[in-house]
Amino acid sequence: MARSITVLNLGKISYRAAWQVQRSLLQAHRNDSKNEKSFLSEQHPGDVLIICEHEPVYTVGIREREYSQDEERLKALGADFVRTDRGGLITFHGPGQLVGYPVINLKNYSLGLRKYVSSLEKVLIKTCEMFGLQGKTTKDTGVWIDERKIAAIGISCKRYITQHGVSLNCDNDLSWFDHVIPCGIKGKGVTSLSQELGRKVSLQETEPLFLNSFCDVFGCTLAADEKLAENIFLKADFIS
Amino acid sequence: MNKLLSEMRFTEEHEWVRQEGSTPHVTVGITDYAQDSLGDIVFVELPEVGSQVVEKDSIGAIESVKAVSDVYCPASGTVTEVNTELESTPEVVNTSPLEDGWLFKMELADVSSLDTLLTEKEYKDYLHGLE
């Protein structure tokens with residue numbers, strides 16, 4: 001029987017607020033009485049896939065010592081800069097880029113971390129295929145169209161519950177990537193669905209295809225949960 | 001190898017603990033199952049030597065293929081040594097998870113806390129249940 005995952009569309013939301021939502025969902029997953037209950041615990045949200053869009057922000061993973069010199073320089077460009085606990089090096093999120101954060105219990109899918117990451121790559125490749133694009137994976141994690149990176153992946157896992165996720169360039173301004181070596185991979189460029197197809201491909205057009213691909217790869221069904229979304233927007237004091 | 005395993009205790013977070021004789025000194029690492037499911041390890045974050053650690057707290061992290069997984073403390077005590085080799089060769093955790101890929105050593109606050117951890121057989125049964 002297919003597992004059900006709740007889709008939570010947070011719209012345009014700051015990176016920090018979206019991360020806080022993930023942490024609240026993570027806490028709600030834990031039945032460990034030692035942990036503080038999150039404001040979402042009463043609702044038993046189960047597995048959730050967050051879809052959203054961010055204002056310009058550069059984020060780094062746990063190997064962040066390499067970027068200690070970059071913070072001020074990047075903030076001066078008008079972006080936020082956040083140090084996170086995910087894997088992967090530096091990346092950029094901004095308007096026009098689809099961001100997906102699955103907060104799921106890997107035990108429900110019998111997936112180890114490596115297989116989970118590869119499943120996310122498959123979701124992104126399937127989404128690109130729906131636009132007639134041939135995405136591929138290489139030894140560098142992420143999804144590529146030839147030598148151009150179209151989607152990035154960086155996640156963390158705490159006692160089987162996942163955090164962070166993927167980003168897929170739809171019609172975002174790619175010049176923000178000029179200021180960094182994306183994901184630490186030198187000599188390779190970035191691209192977007194719009195750039196590859198020579199027409200505007202919006203986040204709104206991409207989202208249903210991404211969700212379909214996610215269902216296919218993870219063997220799940222997706223359903224919205226109005227009450228959960230309401231709860232978050234009404235009760236979360238970290239969302240302005 | 002069998003002798004090695006039977007002297008060890010395990011956690012549900014796929015850590016192993018090896019006691020030195022019957023002293024409160026132990027070595028901690030992650031199991032073969034863990035390193036296999038993580039993939040190629042590129043970075044290991046270890047606790048500070050001298051830090052007081054509490055059972056079940058997250059005290060380190062392992063990064064592999066864009067994914068970070070927490071390392072949990074198997075028992076309360078004090079960290080006495082960390083495997084500094086892993087800074088330059090984190091992949092040793094993949095190739096030798098039970099020996100050269102050890103993560104840190106600690107002095108247990110209470111030696112009897114080892115009894116609450118899984119035996120080799122219990123860990124194998126646990127793995128079986130995960131499939």
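Positions of Cβ are set from backbone N, Cα and C atoms, glycine also.
Sequence annotations record features per position, and here TrEMBL assigns domain 'Lipoyl-binding' to B:25-107.
Residue density at B:Lys66 (N6-lipoyllysine): 27 other Cβ atoms are found within 10 A of its Cβ, drawing on all protein chains shown. In the three-state DSSP scheme, B:Lys66 (N6-lipoyllysine) falls into the coil class. According to TrEMBL, the feature N6-lipoyllysine maps to B:Lys66.
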